[in-house]
Amino acid sequence: MAAVAPGAASAELVIGWCIFGLLLLAILAFCWIYVRKYQSQRESEVISTITAIFSLAIALITSALLPVDIFLVSYMKNQNGTFKDWANANVSKQIEDTVLYGYYTLYSVILFCVFLWIPFVYFYYEEKDDDDTSKCTQIKTALKYTLGFAVICALLLLVGAFVPLNVPNNKNSTEWEKVKFLFEELGSSHGLAALSFSISSLTLIGMLAAITYTAYGMSALPLNLIKGTRNAAYERLENTEDIEEVEQHIQTIKSKSKDGRPLPARDKRALKQFEERLRTLRKRERHLEFIENSWWTKFCGALRPLKIIWGIFFILVALLFVISLFLSNLDKALHSAGIDSGFIIFGANLSNPLNMLLPLLQTVFPLDYILITIIIMYFIFTSMAGIRNIGIWFFWIRLYKIRRGRTRPQALLFLCMILLLIVLHTSYMIYSLAPQYVMFGSQNYLIESNITYDDHKSNSTLSVPKRCDADAPEDQCTVTRTYLFLHKFWFFSAAYYFGNWAFLGVFLIGLIVSCCKGKKSVIEGVDEDDSDISDDEPSVYSA
């Protein structure tokens, strides 16, 4: 029987990896549909489309690796705290290395996308807007700008590689010995510190993106689903009245020049504004007429009750997330060692809903992994919703809008880069909610407990299982590879802690704003400054 166990375990792992492979195919299919759904049909480019699909897929695959990591460390142990028969030291090390190399690969690809590929494609496409530019010139210009991003990436890797995480024991060591110590430390960590520093730096930017987009999206997405959009027929009636009113203004101004007198400068400016307004209203009229008569509008109307149910479900998930994050941050503020330790705590002194729910779900496989996956996917989809609602800004300047069927290639590249950065921050957010679960999953270990018998007045020792925590022996509990990347540098952890408070504040502001706003227009985005809209490209989808 002992010989069969490893084979059975291997078969289960193979099945698990097959399921993971099917998940990858589903992710690629979703990314293709999502990008094709939002990109402008007039300006679609093969290179930018492939880049957007690949980058979005990498973001989703990286987010899917966290529950896989937690599952694998938990799968190696029984609920009674003992290792499974097949999980010897070599097999455990092999599984740990596989997950670690998976993180190495995905994080390296993210660095490649953020610092090389996406900037190159973006600047290449920017140069393509100039008709007089040759392909050779486009490539040279794109490489020139991309070189700056490559230098930043190299600097981050160098700083991360040589920032000492430990100090030499001998304080009187020479400068050469200190340098030698740094190289030895770099070799012993296999470059983990360098990659971790680079990824943590990007995670810091991802935290800012999450505060801006995800926090608002968590409130905007559910409330938009619950409130719905305005009626297309009613909007069309209002739009017709506006057209008649603007036409009257234009006729009034033009009547002043019937006798041949030139119009004053003020009337010329007003006439130009009214004519631009009339063009926009007629554009809205065409879109409203198309949407009012489309089958998609009727289909969405039939799905209205389902959207309300989804909106209520999403707002409940958001409240679970926010309450848990608040209690977790409050726990760190009250019980951590302070800013010098990065506000790290290994246990939970204040219980939060998610921290209480996960141990209960662990008793029924695989409910805890389903919950973690739902939270991660919800985090990503609300980020997408936040980017769609807010748009892409550079401080106070709006760069691009994200609209179904009308999004420029540059905007899609920005969208994918922002999502890549937000996904990096997702792991720390989940760790903030349930630190012990992210570190050890559902692992238990055995502790010796003394039992005293009153009748015989004797003691006996009994091994009882206990949930793995920071005090557990290293050889009894396996730490997830995710945790290794999260807490290499205390100053990043401290920044993430303050970022969590900012996230909660922006969520509350976004919730108030979303509650006060009325229903969205069925063709939201068709306005005076919407340069991404084409007259002959109406969309049947609401924005």
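Each Cβ is built from the backbone N, Cα and C atoms, and glycine gets one as well.
What you are looking at is a predicted structure, and each value in this text was computed from that prediction instead of being measured.
Summarising the annotation, TrEMBL assigns transmembrane segment to 14-35 (among others).
Taken from TrEMBL, the feature transmembrane segment applies to 47-68 (among others).
Beyond the transmembrane segment (101-125), the same-chain residues lying 6 or more positions past its ends with a Cβ under 8 Å from any Cβ of the stretch are 45, 47-48, 51, 54-55, 58, 61-62, 65, 138-139, 141-143, 145-146, 149-150, 152-153, 195, 198-199, 202, 409-410, 413-414, 416-417, 420-421, 424, 481-482, 485. TrEMBL lists 101-125 (among others) with the feature transmembrane segment.
The transmembrane segment annotation in TrEMBL covers 145-165 (among others).
Taking Cβ pairs closer than 8 Å, the transmembrane segment (192-216) reaches residues 104, 107-108, 110-111, 114, 153, 156-161, 163, 165, 185-186, 379, 382-383, 386-387, 389-390, 418, 420-425, 428-429, 484-485, 488-489, 492, 495-496, 499, 502-504, 506-507, 510, 513 in its own chain, all 6 or more past its ends. Sequence annotations record features per position, and here TrEMBL assigns transmembrane segment to 192-216 (among others).
Residues annotated as transmembrane segment in TrEMBL: 308-327 (among others).
What TrEMBL lists as transmembrane segment is 369-399 (among others).
Only residues 6 or more beyond the boundaries of the transmembrane segment (411-431), in the same chain, are considered here, and those with a CB under 8 A from a CB of the stretch are 35, 38-39, 48-49, 51-52, 55-56, 58-60, 62-63, 66, 110, 113-114, 118, 121-122, 125, 199, 202-203, 205-207, 209-210, 213-214, 325, 372, 375-376, 379-380, 383-384, 387, 392, 399-402, 438-439, 482-483, 485-486, 496, 500, 532. According to TrEMBL, the transmembrane segment annotation covers 411-431 (among others).
Long-range contacts of the transmembrane segment (489-513) within its own chain (CB-CB distance under 8 A, at least 6 residues past either end) are made by residues 163, 165, 196-197, 200-201, 203-204, 207-208, 210-212, 214-220, 223, 318, 322, 325-326, 328-329, 332, 339-344, 425, 428-429, 432. Feature annotation from TrEMBL assigns transmembrane segment to 489-513 (among others).
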